[in-house]
Amino acid sequence: MTMLTPLHSSDQSDNRLRTNTIVQLSLWLLTAVVLVLLFDHGLGWDRTLQAWSTMSVGQLTICFILLSVSYLARAARLHSHFSSEISGHFCRCLRIVLHHNFFNNILPMKTGEVVFPLLIHRHFGIKISRAAGALFSFRIADLVFLSLLSLLLAMLSMHLLELAGSAVLFFLIVMAAGCLLLLIIFKFRRSVTWIDKYWGQFKSGFPSNHGMMWTIFIWTTLAWSTKLIAYALILTVFVKSLFSVSLLAAASGELASSIPIHTPAAFGTFESGILAVLIPVGFDTKTALTAALNLHLFILANTVLLAALGLLIGRHSDDSG
């Protein structure tokens, strides 16, 4: 008799989750249809897709490889963060990263982030609150890197720095920001005592030592560097801009889409970030928008493809679950 209440509660929870999922997917489809119609009326698919004829198969292959390396780096970041619990299960980490990326890119309002701790708990038994704390640490590192890179590229674009010294300066800025990030994380971890009562497990997902924090930052740098280089290569082909301008536009698009308030698949917010860079440097709106939309289509196609590959990885790898 005592088992009936939990089961009934579980059924209600499952029904609510299923209903919310259906509502979200319906809104996503409705928004997608509206955006497609508006896009077809404004630019037209012929003009947009024709731009792909200027890109070779070799260039597309390089971009796909760079993005694959980016996700491998993210999987390594996850694997190293929970190394004591999940050592030897790199393929499973890669599967989690690919599926988390799929839901994060498809669902609106960053609701796809919820998938990460759920997958970690399902595959490894790690508490959801602790996995959420790890994700929070990863996102801080992501924002720090993106913000620093955007700042440096903006300074370069305004000719405030000579290109010869930019690499050294960027290294120094990253190191300084990394030290600041370490201080913030450890100050928060050690001095905020009231959080133990409510968010002890969440806080336990933070890096436990300086070495772990630096490892996260190194993998984050590799993941974002390869990803943004791939995006910049695509934009450079479409708009014939300087590589540094395309790199700044790609970083700006990612920063814009990191805002939690956006449409499904970040349509509109991602493009606005790119337009904010390309239009001020002299590109007309249609050319810039066509390039931004084509890059976004490439990202979504790559997301779906890698998510499908993630299913194969989980099925055929020795350490899959």
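Cβ from N, Cα, C; glycine included.
Owing to the predicted nature of the structure, the values given are computational and were not obtained by experimental measurement.
Among the features that TrEMBL reports, transmembrane segment is placed at 21-39 (among others).
The transmembrane segment annotation in TrEMBL covers 51-73 (among others).
According to TrEMBL, the feature transmembrane segment maps to 140-161 (among others).
Per TrEMBL, transmembrane segment is recorded for 167-186 (among others).
Proximity of distant same-chain residues to the transmembrane segment (230-251), defined by a Cβ-Cβ separation under 8 Å and at least 6 residues beyond the stretch ends, is recorded for 51, 54-55, 59, 62-64, 66-67, 70, 146, 149-150, 153-154, 156-157, 273-274, 277-278, 281, 283, 287-288, 290-292, 294-295, 298-299. The transmembrane segment annotation in TrEMBL covers 230-251 (among others).
Here TrEMBL flags 263-283 (among others) as transmembrane segment.
Proximity of distant same-chain residues to the transmembrane segment (295-314), defined by a Cβ-Cβ separation under 8 Å and at least 6 residues beyond the stretch ends, is recorded for 63-64, 67-68, 71, 91-92, 94-95, 98-99, 101-102, 105-106, 231, 234-235, 238, 250, 253, 265-267, 270-271, 274, 320-321. Annotated transmembrane segment per TrEMBL: 295-314 (among others), in sequence order.
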